[in-house]
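Asker: This is the structure I want to talk about, given as structure tokens.
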Amino acid sequence: MKVYCLLLVLLVGLVSQAQGQLDKKCQTMCTMEYLPVCGSDGTTYPNKCTLTSTACVNQMDITVLHNGEC
């Protein structure tokens, strides 16, 4: 029983560490500057940083179609 508990704790730790590494590579701190861009997913983002951050965190390939709202 102790072995199973130890394995469970190790597994949870590994999953948490992997999630933390994913979050660290994504830039999530963006300015509040409003320079809207239209994303390839049809969404208007407040600025390019927000688009890039959203794409990274959600592991999606979103690009800027054009400056301004969609």
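Note that Cβ sites are derived from N, Cα and C of the backbone, with glycine treated the same way.
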Asker: Which of Cys26, Cys30, Cys70 is the other half of the disulfide bond that Swiss-Prot records for Cys49?
Answerer: Cys30
Asker: Which one is it, Cys5, Cys26, that Swiss-Prot ties to Cys56 with a disulfide?
Answerer: Cys26
Asker: So for Cys70 (disulfide bond), how many other CB atoms are inside 10 Å of its CB?
Answerer: 14
Asker: Write down the Cα-Cα distance for Cys56 (disulfide bond) and Cys49 (disulfide bond), rounded and given in Å.
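Answerer: Rounded to a whole number, the Cα-Cα distance is 11 Å.
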Asker: Helix, strand or coil: which one is Cys38 (disulfide bond) in, per DSSP?
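Answerer: Assignment for Cys38 (disulfide bond) reads strand.
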Asker: How many Å separate the Cα atoms of Cys30 (disulfide bond) and Cys56 (disulfide bond)?
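Answerer: The separation of the Cα atoms works out to 13 Å.
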